[in-house]
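Participant: Reproduced below are the annotations present in Swiss-Prot:
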- Trp11: site 'Essential for Tat translocation through the endosomal membrane' (SITE)
- Lys28: N6-acetyllysine (MOD_RES)
- 48-102: region 'Disordered' (REGION)
- Lys50: N6-acetyllysine (MOD_RES)
- Lys51: N6-acetyllysine (MOD_RES)
- Arg52: asymmetric dimethylarginine (MOD_RES)
- Arg53: asymmetric dimethylarginine (MOD_RES)
- 62-77: compositional bias 'Polar residues' (COMPBIAS)
Amino acid sequence: MEPVDPRLEPWKHPGSQPKTACNNCYCKKCCYHCQVCFLTKGLGISYGRKKRRQRRGPPQGSQTHQVSLSKQPTSQPRGDPTGPKESKEKVERETETDPAVQ
């Protein structure tokens, strides 16, 4: 191994920079091109700012969908609207009058 000039910065040492520039190709050869390519392409690690995804515009039929939701009636409480006492009495009457149950 040849001696390196001590006055030279480490990133300027011979062989520290690849002879070809980095590119956007993701083939095996380009993924192992240099340490930066290996981290970003091979491992998928990037410490830069994340690109903000653009929100897609609403589909063309969405306006009618929103209108139909607002026209729906409000939810009603579950169970018999007459009340719990009346529903129990109604069940008792039905069981008394139904001869097939016995």
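Cβ from N, Cα, C; glycine included.
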Participant: Cα-Cα, whole number of Å: Arg53 (asymmetric dimethylarginine) versus Trp11 (site 'Essential for Tat translocation through the endosomal membrane')?
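Facilitator: With distance taken Cα to Cα, Trp11 (site 'Essential for Tat translocation through the endosomal membrane') is 35 Å from Arg53 (asymmetric dimethylarginine).
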Participant: Between Lys28 (N6-acetyllysine) and Trp11 (site 'Essential for Tat translocation through the endosomal membrane'), find the distance joining the two CA atoms and give it rounded to the nearest Å.
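Facilitator: Pair distance, Cα basis, whole Å: 25 Å.
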Participant: Return the residues near Trp11 (site 'Essential for Tat translocation through the endosomal membrane') by Cβ distance under 8 Å, restricted to its own chain and a separation of at least 6 in sequence.
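Facilitator: Listed in sequence order: Gln17.
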Participant: On the three-state reduction of DSSP, what should I expect for Arg52 (asymmetric dimethylarginine)?
Facilitator: coil
